[in-house]
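Copied over from TrEMBL, here are the features:
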type	residues	note
BINDING	A:Asp87, A:Asp89, A:Asp91	Mg(2+) binding site
BINDING	A:Cys88, A:Cys104, A:Cys111	Zn(2+) binding site
DOMAIN	A:40-113	domain 'Phosphoribosyl-AMP cyclohydrolase'
There are 2 protein chains.
Amino acid sequence: MPEPAKMTTRFAAIADRLKFNEQGLIPAIAQQHDSGEVLMMAWMNRDAVIETLGTGRVCYFSRSRNKLWRKGESSGQEQHLVDFRYDCDQDTILVQVDQKGVACHTGRRNCFYFAARDGVETIISEPEISVEDLYGDKK
Amino acid sequence: MPEPAKMTTRFAAIADRLKFNEQGLIPAIAQQHDSGEVLMMAWMNRDAVIETLGTGRVCYFSRSRNKLWRKGESSGQEQHLVDFRYDCDQDTILVQVDQKGVACHTGRRNCFYFAARDGVETIISEPEISVEDLYGDKK
């Protein structure tokens, strides 16, 4: 690996390739690298992209809290970066990750637990861990 | 299956559950249902959601053309709906699909062909079909 300063320059160059929206954000899909399970979708800003590439731990931008959101910082359910990809239009990121524990704040492995079956909303997975166990008093 | 009018009411109720942004759009991730490959991310409006559920063929909203975009209508590379899911916040859709041919307008199977490897942009897949063969004179 090149020296740290050079890597930082490279990560900035990757961020320069991406198209952020008018709020300075880009959608990022997180996928479990080995099973292919789509875990969640969240948003990154430029700083989150550079931090994710630099640390190997996925960092988003929380729109509700208006600050960087290091996935797992409250819950311990970290996402370790396996591959950082982006699409033909450079306006969507796909992070392939190794998800520690569960990705969803409800305690489910992934966030996509509602399905329309015969036109009726159906819950297709259950929490693997309680919200209390996930966040304790930290929420 | 209930009668068509009842199904339309149901699909509208699913659309009512979703949170569209200020432009009336919601991101939709398309995933190949059996392999788990993430194919693309695009946007749907309310009409696109209802059409997708009603026809079983995935329909997006094209922001550049400002109209419904029935995936494959120009290229023939249709997406057949296998499961329609959405997330805990009801603000992202995951459509599991059977993709006919390729999903990407460049002729690649999926759109996520750029990867940051050692901080350097790397192209990780090649087109399976030429743009000319995909669109002919229709583009």
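For all residues, glycine too, the Cβ spot is worked out from N, Cα and C.
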Euclidean distance between Cα atoms of A:Asp87 (Mg(2+) binding site) and A:Cys104 (Zn(2+) binding site), Å: 24
DSSP helix/strand/coil residue counts for the domain 'Phosphoribosyl-AMP cyclohydrolase' (A:40-113): 10 helix, 29 strand, 35 coil
A:Cys111 (Zn(2+) binding site) versus A:Asp89 (Mg(2+) binding site) - Cα distance in angstrom: 25
Proximal but sequence-remote residues of the same chain as A:Asp91 (Mg(2+) binding site) (Cβ under 8 Å, at least 6 apart): A:Leu18, A:Lys19, A:Asn21, A:Ile26, A:Pro27
Largest tally of Cβ atoms lying within 10 Å of a Cβ, found at which of the binding-site residues A:Asp87, A:Asp89: A:Asp87
Densest Cβ neighbourhood among A:Cys88, A:Cys104, A:Cys111 (binding-site residues), 10 Å radius: A:Cys111
